[in-house]
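Asker: Structure below; questions to follow.
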Amino acid sequence: MRPPAFWFTQPARPSVAARLLAPLGRAYAAATARRLRAEGHRAGVPVICIGNLNAGGTGKTPTAIALLQRLSDRGVAAHVVSRGYGGRLEGPVQVDPRRHRAAEVGDEPLLLAAFGPAWVARDRAAGVRAAEAAGAQAILLDDGFQNPSVVKDLSVVVVDAAVGFGNGRCLPAGPLREPVAEGLGRADLLLSIGEAEAQRRFAADWPALPVPRLTGRLATLQMGMDWQEARVLAFAGIGRPEKFFASLRAEGAVLLRAEALDDHQPLGEALMRRLEIEAMALGAQLVTTEKDAVRLPPSFRQKVLTLPVRLELDDWTALDAAFDRLGLRRTG
């Protein structure tokens with residue numbers, strides 16, 4: 001299900017629908033605030049939360065990959081703990097890409113497990129304990145910002161600069177899980193991801209933020225594939241599939257068809273056969289995202305190309321300083 005357009009109007013000019021739903025949004029915000037009062041588990045190692053205020057995709061997975069790699073470069077064994085959205089296993093269980101499928105552990109943990117130890121746990125505190133017992137020197141808590149079950153030592157809120165915080169209202173009147181002021185009041189850093197023009201608009205729309213802001217962009221990982229003039233049928237089931245389609249066009253690919261699927265939508269045999277037939281009729285190559293690729297049926301894994309992206313931060317200084325304060329530095 002795609003988010004409604006009225007979620008992303010200017011905050012100063014809310015739509016009629018947003019105004020009508022505002023009481024429900026206030027009730028949602030109040031429920032979140034009550035939930036956040038609960039006591040959390042204090043881990044024995046630093047816990048870094050990568051979260052967002054918006055419902056849906058903002059770039060948390062590329063951020064988690066970047067932080068895993070940065071901590072690894074510092075000699076820190078960081079483990080990811082995720083709820084495993086879309087998977088059926090309750091955990092805690094360490095994700096094994098050779099054994100697990102997305103239907104069991106979720107697509108994001110399965111992708112993240114290629115970059116470092118990843119755990120799935122419905123009970124995040126239990127997942128943190130399991131990771132600690134397995135030797136984690138730091139925990140990356142994936143999408144747990146509104147979950148109070150684990151105490152966070154560093155919270156990084158990620159936002160897509162192209163859409164910002166939408167109309168600034170809470171679900172269902174807008175895209176927010178909690179009000180901007182309250183959410184950023186608990187955060188340590190804000191990371192806005194997007195190209196220069198999107199960053200400029202975000203800064204203009206949200207000029208007075210109570211938290212230091214980092215900026216970055218998603219850059220295509222060069223894998224030797226020449227996308228120039230490549231005829232493709234692209235499909236994506238992520239938070240904002242149009243970002244993926246735009247990245248392909250920026251690489252020079254010719255999108256003969258772009259199919260936006262629901263976020264985390266299962267990629268069953270019937271759907272993939274339909275897309276394959278359409279691609280053959282168009283003389284096009286099937287292309288998807290890394291996150292979607294882990295949900296592909298085995299029979300299609302050699303038939304579909306991916307366009308990997310990685311987060312490039314403009315300046316790591318603030319994050320490196322935060323890691324230093326937490327004692328996350330190479331020793332010996």
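Using N, Cα and C of the backbone, Cβ positions are placed for all residues, glycine too.
Take a look at what Swiss-Prot says about it:
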BINDING   Asn54, Ala55, Gly56, Gly57, Thr58, Gly59, Lys60, Thr61  ATP binding site
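Tell me what's around each of these sites.
Answerer: Taking the Cβ of Lys60 (ATP binding site) as centre and 10 Å as the limit, one finds 22 other Cβ atoms among all the protein chains shown.
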Asker: For Ala55 (ATP binding site), what residues in its own chain, 6 or more apart in sequence, show a Cβ-Cβ distance under 8 Å?
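Answerer: Residues satisfying the criterion: Pro3, Leu171, Pro175, Leu176, Arg177.
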Asker: Tally every other Cβ atom lying within 10 Å of the Cβ atom of Thr58 (ATP binding site).
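Answerer: So the number of other Cβ atoms within 10 Å of Thr58 (ATP binding site) is 26.
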Asker: For Gly57 (ATP binding site), which residues of its chain lie six or more apart in sequence with Cβ-Cβ distance below 8 Å?
Answerer: Asp160, Ile238, Gly239, Arg240, Asp263
Asker: With DSSP assignments reduced to helix, strand and coil, which class does Thr61 (ATP binding site) get?
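Answerer: Thr61 (ATP binding site) sits in a helix per DSSP.
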Asker: Have a look at the binding-site residues (Gly56, Gly59) and report the one with the fewest Cβ neighbours inside 10 Å.
Answerer: Gly56
